[in-house]
Amino acid sequence: MPFDLLAERKRWNAGYESIDTSSQKLTEVVTPITVTWENIEVKTRKKLFSKKQKQLLNRVSGIAKPGEMVALMGASGAGKTTLMNVLMCRNMKGLEKNGTVKVNGTKIGKEISLISGFAQQQEIFIPTLTVDEYLMIQARLRMKANKHTRRERVDEIIEMLRLQNCRDLKIGTPGLVKGISGGEARRLTFACELLSNPSLLFADEPTSGLDSFMAASVVQILKNLANSGRTLIHQPTAELFFQFDKIIFLSMGKTAFMGTPHESVKFFADCGHPIPKLFNPPEWIQSKLSVIPNNETKSRETIGKIIEFYEKSIIHQKSIVEIRVIATTELPPYIENPGFFAETGALLKRACLDVIRSPAQMRMKLIQKVVMGLFIGSLYWQQPLDPRGVRNTNSALYFLIAELTFSTMFGIMTFMEHELPLIAREYHDGLFYVISYYISRFLSYLPLFTIDGALMIVISYWMIGLNSTWQQVAKSILISVLVEQSATSCGLFLACLFETTSLAIAFAVPASGLFALLSGLYGNTNNFPVYIRWMQWTSWCRYGFEGLVVNQWSQVDNPKWDPFYRELILKQFSFNKDNYQLDVIGLCSIVIFFYLAGYIALFIRIRLSR
């Protein structure tokens, strides 16, 4: 059964005395955590037509104590990332794991996410927000505390991580939108994780891509965090080797060494691989622990001897004893989630700021609808009440429905593809429920995808010469809003269902064409084959077109017309003069259906993304 972090958080806190950590200063010593792992084995799962399994980790053991900054090092493919994922219980899809991970002597699984933070290598933010705004919203999601306490925590973190100079700058997107620097983005990643004041912090290559000065600055920050009693486990680069308290070298899925940096230099000298003068120790060590492509046999033999030497060493024996004698102590409680309404409010604020600060999309949609309203109104200017005018008026009504459908559906599809990685990360960090995000994003787009359609109807309405009583105008606007929301909800569903926008569009093009065909303009739907005819009731184009046509002609009073002429106008499309209310109900049903389907698709997609 999928792991629900938010539900588990409530269960976790129920077992411990309530402790308010929201007001605790970050510089104060936190609840100490000792992490141990013993005999960790990880293999790929057997596939249906293959019995081969790849061994990623083989009986790996280790320990990380409070106040220690532990570095996982090794060549590419050594098992560093796999071990990190095992300790965090993340990204284990398709893998089989054996062995135990303990925190303070207690066996632990996915609940470790409740007492730890994870600063990932890839920085993903909302680029339109400032650093201060982003941290305040993150604090609202991570802390059950009042606004004053959250403000103090954010100010403290900004000062600690030296983000004062960029607190009011927009985050931006590297290479696209000017914003904060790479070093500031890396520190912002740590700032988000520190908001909940965790005792255990994981970091994935925190200095990768930074210059030597910025890398040293980040490591010094990590060192300060470790000095306050936190346990830090991360994958570093090799430049700052001697800054770490403990080094764990991995090779071929096994532990080749665990100890202090100075002990590693002595260890490799003792096993026959002394580090030459003027050589960088970590680079030399990693060269000896790497499998060289053109000399694999000799490389594996050398690595095997180093691992064997380590397993027989006193350093290894001491670590095994240390792992097994750790006393069981109380685990720290995790800060309680602020709740559904608080997190939805925070996400709604974030989404609205993002929409407001992306004026290009708003401007283009409004301009598009104004231009199309003027174009359709000019094309069908003041149609007379004769047979030709009736046909032209019906065509104008259909083109209004088509414009509300196609531009809206394809316009909404682009938002999910770029935002999903951030949402998946935050969800798996336990910051919110999927429904909270979905509601907030839907509400943030609602005004934009409502006003523009109504504006187009208002512009073109009197230009075409439609029935202009206030009741008819209001009914037409209602139909336009519901048609646009139908297209919005369908586009949102497809964006949530498919991994890329191109796939969603590839499906939407024939689907929208079918909906348009079933509208009634291109043929009397009652004359369609029975196996196709039923599909008209799934088409919002059909409901919308009928609603506008019925609204236009059911109340027209022209003394030159035959008494039955109005009914003939409707009958050619298989429309009924009493169906306006049914059309509104049908459109509302489609809107509700696609919004619910979109939520289910997004929920499944995010849950499976771990």
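Glycine is treated like the rest: Cβ placed from N, Cα and C.
Keep in mind it's a predicted model, so treat the numbers as computed, not measured.
The annotation domain 'ABC transporter' is assigned in Swiss-Prot to 42-277. According to Swiss-Prot, the feature ATP binding site maps to Gly74, Ala75, Ser76, Gly77, Ala78, Gly79, Lys80, Thr81. Residues or ranges marked as transmembrane segment in Swiss-Prot (evidence: sequence analysis): 396-416, 446-466, 477-497, 503-523, 584-604.
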Cβ-based isolation winner (fewest other Cβ atoms within 10 Å) among the binding-site residues Ala75, Ala78: Ala75
Chain residues outside the transmembrane segment (503-523) and at least six past its termini with a C-beta under 8 angstroms from it: 394-395, 398, 401-402, 405-406, 409-410, 413, 490-491, 494-495, 497, 535-536, 538-542, 544-546, 573-575
Those same-chain residues, other than Gly74, Ala75, Ser76, Gly77, Ala78, Gly79, Lys80, Thr81, found with Cβ within 8 Å of the centroid of the ATP-site Cβ atoms are Leu250, Ser251
If you draw a 10 Å sphere on the Cβ of Thr81 (ATP binding site), how many other Cβ atoms land inside? 18
Note: in the chain of Lys80 (ATP binding site), residues six or more apart in sequence with C-beta under 8 angstroms of its C-beta are Leu72, Met73, Gly74, Gln235, Leu250
Just going by other Cβ atoms within 10 Å, which of the binding-site residues Gly74, Gly77, Gly79 has the emptiest spot? Gly77
